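I am attaching a structure below and will ask some questions about it afterwards.
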């Protein structure tokens, strides 16, 4: 019976015996992937992720050769890898199925793998190495995921088969557990549950000792109860029940054990108390004071102004609170709910609705907020309903208040739709008919299928005009809208911060703030920097540095949009631009990494790893000095600002010791691919993906001499050829030097501590331009509306099919306002998205509090006898403070009863003056038409909700109702 291959520091002994020159390094080459070694690596990763499975995993690794000689299994071809991962039943295109496992893979590593397999060269230096998910974890003790990870930006999802393929081919970083998540089935959608609910289980008599347990949103309360009983070793004959402690400190009994964690509205971090019935038959909770879910004791006798009520932040739910406060201060809609008009219009059978649950939950919230008995309320039930019907709002991540508002208005409309059975309506083009006729027909068709208090209050009508650029065919349609999303005038400039690294080693790096064109190129960045430094743009190279590596080396013609605001951009002064023709210039530009040899341990084997540190360099080396010794001297000169040159006494002291070490280690030269030992760097960060490598001309002029040579001269560091990752985990023949044009400076810890000044190395100076702030002139709201109605050409991704040409055309499109609603919601598009970047526009938009006149924007023939039909007054503003991925939402709103403005910041409410309302944070504006405001103030209008037939008042539409 054969014996499974033993591993030494990750190296198969059987392979090591056949390849003694690689045994020193202690790692397998990429092509070596025998089943025994591969399963051994898998077993080692499993031990770290799940100690309980260690024995089984190791046994599986050994069992491969129990009955036969081990078989060598080569990596499949790159095309085959791509097909197995990206396509087919087992790949990323596989549809989600409830209960199946999917796995998270760090985005940068996956992009590196894509570049590797699409490159077509199995020996490429872009080999991604082991799967490394370190950047996804909050810590490496409990292996908790970071909060706020976004699919497509931070990670990709792979089905189980694809994941196991990648692990079997490339391995998983030592010690890291797989990030396995289940597919759950939610209403109308299946979703990978990246963030399960973490509950804190405690006993009623020992609240200080908790067990943190993860549950799926689809797990039942019965499973939570069974888990708690198991954790606390409850005897089978003992009766138990659960209580949930909410954010206000009150307790809710979990009666129904059949409902899910989602339906019970349990959330991560929530305390679940299990109580056990006492021997006398009573429950301990009978002696506890259980508070009401939404009202504290101090609120019971509180009498305040109706509507002046805060909303508790349940955890990143300020976006929801802001939208709710704005909507709550829409007078006619609030009266509609306070007067129970909605009860007669609830539509429980609408397949597009939510069985009336959203409308009822919102009604309860409005009634509490306008009762005058609460300083603040907890919108716990409402949040649960929203998450139940819109899975994108599940959990407690940041969201957009306008997106929540859009969902809520649509949900309320469908829940309150008076049309119980929607008829089919054929949409017709104008075909030369008068606009008035086509518009009335479009509105009547809309009302045949959509008739609710939301339509009465918020819906208006667009006129859309499309013109074919080839045949001149004109298409006119009229479409309803619920809000206007208006663009902001965007500056064509952007500010980039870069670090300039001069060639003169005496000068420190300089931080610069550059103003460059948004749609410019890398060459524009170099020109802007040249004005500050006096260095010609031809002597600059631009790089994105990430985790001590070159993540990307930019070409001059690449767009600046590929640089994100969070990228660390370094611009290096070199002796001239690199050409692709060998011998075309006298200098060679070499990318250089800094590494430190650090002790590491892998089970019972100790070895030395190499860890990157500091900032990489691009060094110009004269061709006639491009030998290992010449390169060493050039690097000593470039590092001279923070590396101390050894004196003669240091060299004498180190001679004897150096000779001993050389005899012991016999370090091979880079040209033979040797390295003392070079496992994967252990620091966090994705594999580098230098997608546009410049043609560095690393000839064989380095020769085959060893470095450092045997001589009685003290060398501070050794040099090693590496790949773009900064690793040398593959053999490198002299012919491969062109494919690995990177040099690593390897430091021993003692030498680095003695001669390398880390403080000086990290030092830099700020150029005067760093204090520059690009001024942004304010814009008027009317300018945004004008921009909204400007003629635009359709993009290539969204062409229009011309019925005359019978082809898709990039037509011109113009939107005009035809009919305005009672309440006009204006969404300022502050968030800008491109292929490479996302940004928030903090431009100050000046908007009027009163008398916003739309008469110049409405193209429908106007009613001159009633100018109030086109004038609006502001009633609410949703504000957003912060950036793209984080921030805070608040609200300004005018109370319908008192006319006083208030500032709502979650559960805090305070009065404000009108001059405080306008700010750069304004995001969504609510305007009320003046004729509606006047009608609501009249005695007849103040008694109910005039927009609803259920309240015996006709709708205010400019067209007749069609039912």
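Numbers run from 1 along the shown chain.
For all residues, glycine too, the Cβ spot is worked out from N, Cα and C.
Keep in mind that this is a model prediction, so the values were computed, not measured.
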Hey, which of 245, 714, 835 does Swiss-Prot call N6-acetyllysine?
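Comparing 245, 714, 835 with the record, Swiss-Prot tags 245 as N6-acetyllysine.
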Scan 596-643, 644-691, 740-787 against Swiss-Prot and say which stretch is down as region 'Disordered'.
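Residues 644-691 are the ones Swiss-Prot records as region 'Disordered'.
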So one of 536, 948 should carry the feature phosphoserine according to Swiss-Prot; which one?
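Out of 536, 948, Swiss-Prot attaches the phosphoserine annotation to 948.
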Tell me which of 716-735, 796-815, 836-855, 856-875 corresponds to the region 'Disordered' entry in Swiss-Prot.
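Based on what Swiss-Prot states, region 'Disordered' spans 716-735.
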If you skip the near sequence neighbours and keep only those at least six away, which residues in the chain come within under 8 angstroms of residue 318 (active site, nucleophile), Cβ to Cβ?
888, 889, 890, 906
Through the lens of DSSP with three states only, how would you label residue 318 (active site, nucleophile)?
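For residue 318 (active site, nucleophile) - judged by DSSP and reduced to three states - the answer is helix.
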Using DSSP, what's the helix, strand and coil tally for the compositional bias 'Polar residues' (717-731)?
0 helix, 6 strand, 9 coil
